[in-house]
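Peer 1: Sending over a structure as structure tokens; questions will come in a sec.
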């Protein structure tokens, strides 16, 4: 009986720990993460203080923080080829990283680190040197900066069959040296690395290439991590938030369901379907059932996005900053509809798949610069600073925990809906105007359309919407308007 009771207790503790790893530890009503892709730590700290905190962003996903290989031309993907776990990259050193985390936490913006637990660097022609000056020999699987030797890796093989579990989880993803996470030494080093980041105050991790690691190995690693630190504003016994990259479009051997009990999982079907709809290939009327009815994960397990740093370079159905009108519309719907753990992208401009982030002649990352409207101008795109996006972050905060009500559509691709009595949004993706009197569910008054303008000192710089005593308002979105969206909420009342 004692053995049974003890085993049952362990199972309950494990289940509770896994459930806790779905909690992103946001402040107040904040509930949107932004990926500041390839930004420097000092610039992120300033962005937290000057923009993200005041605008109500919940957190930042940052690029990998540990030492990576130095590759000719400095392509973005060098950050995904680890050399050691020293916290020195082109984004900054450990002191700068720690300062960023502290300053962002102080203004209610959590930090989530992109971490690479699956692999180390691929083969490199010539001497492989990292961003901290550490030398390695990937060809012989020698990484003295950790240290790892050949026995810490799976035998080299390539992935040819994406329905072969062995190949997916033990062969080398695009030549990257595949760590054996079942080995005690590898587990210890990975846990030490993650615990060090926790000690510095991070709130959690994006786990790159999670499907290429056995879920039981990840369960052990996650379960061995320290609690988040109370001195950084986290409650006692808080577990790090885990969101895992698991690419699963259906019908594959390794599935997302193997990982969702361990933490949130990237919902890749979300971006496919939202891209398909907002490119005009699916009528918006079907979006009324958005979420699990579309085959998506349950909302609390799904990490959602319109695009990410990988797929925006791959073409296809994905929407990116290069199609700005549809991209803003899709992002507005993403942030208005109550489904998933939302992340928005903040990119740099690129012409080809391997383009480096903005850098100077010495190959040092450069800081973003801003025009008089606050938009980035020197190679950084900064979608999170587009009015149509940052104001929808505010909308999402204002309507948090309210349901979709009073759905309206025209039988095609003009839609509108309320979020309880807190907010209202209308979207027009037809080639003709939307001009309707619709139920907004809001108290009577005049509201600022946060898509076309900002509410500044009681005045709206864009369109205003008058709501009558019955909650109804005339809504107009022309087919050729600059934006195909209108959004109002209780915090945007004049």
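Here the Cβ of each residue, glycine as well, is placed from N, Cα and C on the backbone.
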Peer 1: Quick one: which of 178, 180 does Swiss-Prot put in the Ca(2+) site with 118, 169, 212?
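Peer 2: Of the residues offered, the record points to 178.
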Peer 1: The chloride site in Swiss-Prot includes 206, 308. Which of 239, 279, 343 is also listed there?
Peer 2: 343
Peer 1: Around the Ca(2+) site formed by 118, 169, 178, 212, which additional residues qualify by having Cβ within 8 Å of the site's Cβ center?
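Peer 2: Surrounding the site, in chain order, are 119, 154, 168, 170, 171, 172, 173, 179, 209, 213.
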Peer 1: For the disulfide-bonded residues 171, 382, 418, work out the Cβ neighbour count at 10 Å and name the residue with the minimum.
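Peer 2: Relative to the other disulfide-bonded residues in 171, 382, 418, 171 has the fewest Cβ atoms within 10 Å.
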Peer 1: Are there residues of the same chain, six or more positions away from residue 448 (disulfide bond), whose CB falls under 8 angstroms from its CB, and which are they?
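Peer 2: 454, 455, 460, 461, 462, 463, 464, 465, 488, 492, 493, 494 - these are the non-local Cβ neighbours of residue 448 (disulfide bond), listed in sequence order.
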Peer 1: For the chloride binding residues given in the record (206, 308, 343), what is the largest pairwise C-alpha separation in angstrom?
Peer 2: 12
Peer 1: When DSSP states are folded down to helix, strand and coil, where does residue 418 (disulfide bond) land?
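Peer 2: Assignment for residue 418 (disulfide bond) reads strand.
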Peer 1: List only the single closest residue to residue 171 (disulfide bond), chosen from the recorded positions 178, 206, 208, 308, 343 by CA-CA distance.
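Peer 2: Looking at Cα distances from residue 171 (disulfide bond), the smallest one goes to 178.
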Peer 1: Given the chloride site residues 206, 308, 343, which other residues of that chain have a Cβ within 8 Å of the mean position of their Cβ atoms, reported in sequence order?
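Peer 2: Sorted by sequence, the hits are 33, 35, 61, 114, 243, 245, 266, 303, 305, 309, 345.
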